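In Swiss-Prot this protein carries:
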type     : residues               : note
BINDING  : H101, H103, E108, H147 : Mn(2+) binding site
DISULFID : C24-C39                : disulfide bond
DOMAIN   : 53-199                 : domain 'Cupin type-1'
CARBOHYD : N60                    : N-linked glycosylation site
SIGNAL   : 1-18                   : signal peptide
Amino acid sequence: MIVPIFFLFSLLFSSSHGAIQDFCVADYSAPQGPAGYSCKNPAKVTVDNFVYSGLGITGNTTNLIKAAVTTAFDNQFPGVNGLGISLARPDLAPGGVIPFHTHPGASEIIIVIEGSLCAAFVSSDNKVYLKSLKKGDTMIFPSGLLHFQLNAGKNNALFFVAFNSPNPGLQLVDYALFGNDLATELVAAASFLDPAEIKRLKAVLGGSG
């Protein structure tokens with residue numbers, strides 16, 4: 001029952017509604033504009049445009065953050081284009097983390113399917129909202145606020161995420177600071193971090209400068 005209820009949540013979470021036409025399946029052959037993808041000719045739309053099977057596959061967590069995120073955004077799932085909804089599936093190995101990040105274009109709601117999580121977001125006045133989550137728990141992360149999810153347990157963790165946008169955007173704080181080519185001296189001046197530590201993190205995260 002958990003997953004069907006979650007899908008209902010994702011629909012209620014949407015703030016966008018098709019007022020002019022029933023749907024706007026993404027036309028990947030047309031140029032993408034600021035408002036998203038153009039609509040596919042309805043005569044060429046099939047039921048397969050509204051079905052996506054990618055979230056049934058376990059992600060590969062053999063990486064630096066011991067986590068994988070499989071997305072069902074408008075660039076993978078054409079049916080969500082224009083509907084104001086999308087989904088994602090994060091898999092976290094023990095010790096895995098989705099590091100501090102923001103979604104500039106969307107709020108999100110998660111539901112834990114397997115394992116447990118430590119999750120938090122930080123408000124604009126720097127207040128932390130932290131909670132340990134278990135199977136079946138849900139948590140909301142307001143749009144644009146820094147947040148993270150950590151698997152502090154001994155078993156793998158799986159949760160699903162719903163967004164009120166077909167493409168919520170993503171900025172990881174660590175990569176924004178250290179995965180770029182901004183000069184170390186400037187990063188140090190702007191962040192108060194030690195230059196040696198900045199260079200170390202740039203090397204780890206693929207930055208330069």
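Yeah, the Cβs are placed from backbone N, Cα and C, and that goes for glycine too.
DSSP places the residues of the domain 'Cupin type-1' (53-199) in helix, strand and coil in these numbers: 25 helix, 56 strand, 66 coil. Annotated pair C24 (disulfide bond) and E108 (Mn(2+) binding site), C-alpha to C-alpha distance, rounded: 22 Å. Straight-line distance linking the Cα atoms of H103 (Mn(2+) binding site) and N60 (N-linked glycosylation site), rounded to a whole number, equals 22 Å. Around the Cβ of H147 (Mn(2+) binding site), the same chain contributes F100, H101, T102, A119, A120, F121, V122, F141, each under 8 angstroms and 6 or more positions distant in sequence. Excluding H101, H103, E108, H147, which define the Mn(2+) site, the same chain contributes T102, F121, F141, L145, L146, P168, L170 within 8 Å (Cβ to the Cβ centroid), listed in sequence order. In this structure, of the recorded positions C39, H103, the smallest number of CB atoms within 10 A of the CB marks C39. Cα-Cα distance from E108 (Mn(2+) binding site) to N60 (N-linked glycosylation site): 23 Å (rounded to the nearest whole number). The average per-residue pLDDT of the prediction over the domain 'Cupin type-1' (53-199) is 94, rounded to a whole number. Separating the Cα atoms of C39 (disulfide bond) and N60 (N-linked glycosylation site) is a whole-number distance of 33 Å. Cβ environment of N60 (N-linked glycosylation site): A68 lie under 8 Å away, each six or more residues apart in the same chain. Around H101 (Mn(2+) binding site), a 10 Å sphere centred on its CB holds 18 further CB atoms from the protein chains shown. Taken residue by residue with DSSP, C39 (disulfide bond) is part of a strand. The secondary structure of C24 (disulfide bond), as reduced to three states from DSSP, is coil rather than helix or strand. Within 10 Å of the C-beta atom of C24 (disulfide bond) sit 24 other C-beta atoms, taking all shown protein chains into account.
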